[in-house]
Amino acid sequence: MIQSVAFIGLGAMGYRMAAHLPQHFDTVMVWNRNFAKAEQHAAEYATHAVSLEAAAQADIIFSCLPTSADVEQLIQTLDIKKGAIWVDCTSGVPDSAKKLAQDLAEKDVTFLDAPVSGQTIGAENGTLTVMVGGDIKAFEKALPAMQAFGGLIKHVGESGAGFAVKAVNNMLMAVNLCAVAEGFTTLKAHGVDLTEALDCINASSGKSMVTETVLPQRILNRSFPLTFALPLLAKDSGIAVDLAREAKLSTPVLSIAQNMIQAASALSDKESDFSSAVKMYESWSKITLE
Ligand code: NDP
């Protein structure tokens, strides 16, 4: 039985994910580095803003930080409850998950890598896809807690497998984002109406999540709302390319897209939404996608 849950890292995703937990559990603790956010969460959702040390005493401890390095650094400082399950929803590095799972097992704590997909709207609606790597018994035990914010929740393999699936997923989105930027720039250069073209493509074989939502809702209307920062996409595509490299695979398409996203991120403000990667193409071509 899960008596208590905690959520560490109330960013764009974590704040919304943790908001679902009080509907399912009596004791929900939250912690954030900027503690005012934890206090705001407690006031808004009847969670308890607690110290990091107290959060580490929950039965299930969620984390959702930018990188695996951030999670490792934080875990190092903590005395975690014996028998607890640490569910890391960060989009992280598979090797880090393997190491944390091994290190924490020695302290009788189970580590699951459980990154999520579905953007902030999915976090808000509790419909995220959760891809989980690690011990299957711990997965089954933590499942009711993950169901608070998850729609499709899958155990995908050993420690690190969840992070690997997430990295490849985001890599595929990055490839598509670059391809859509190039394809629509080409159409505009030939005088085609982009809105009409988009309607056709979204009813045809070239459609994707990028053409269905990112292009119309973020790029063509020039809103670029910050919900998923471009440096985070650069990090994820880097993880995917590293995985391919470790397996000694030749993945030229992934490598080129990763280079493009990396360059776009380096040229942008770090508070830029991932969709603003297209601005790099716009500056090269002098063609604006609107
Ligand atoms: P945000 O930048 O919005 O939030 C980051 C959170 O981590 C904040 O709570 C921040 O605290 C905290 N934090 C940052 N560094 C540290 C640290 N060194 N120690 C402790 N806490 C720290 O990120 P997101 O919520 O967007 O993303 C979180 C993770 O989820 C990332 O791995 C991302 O790739 C992934 N993700 C994001 C999606 C999105 O649409 N945004 C979708 C799916 C996955 P503070 O408030 O103090 O800065």
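Any Cβ shown, glycine's included, is placed from N, Cα and C.
Annotated features in TrEMBL:
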- 5-157: domain '6-phosphogluconate dehydrogenase NADP-binding' (DOMAIN)
- 160-281: domain '3-hydroxyisobutyrate dehydrogenase-like NAD-binding' (DOMAIN)
- LYS166: active site (ACT_SITE)
DSSP-wise, what's the residue breakdown of the domain '3-hydroxyisobutyrate dehydrogenase-like NAD-binding' (160-281) into helix, strand and coil? 89 helix, 2 strand, 31 coil
So what sits near LYS166 (active site) in its own chain, CB-to-CB under 8 Å and at least six residues off in sequence? SER91, PRO115, VAL116, SER117, MET131, ASP236
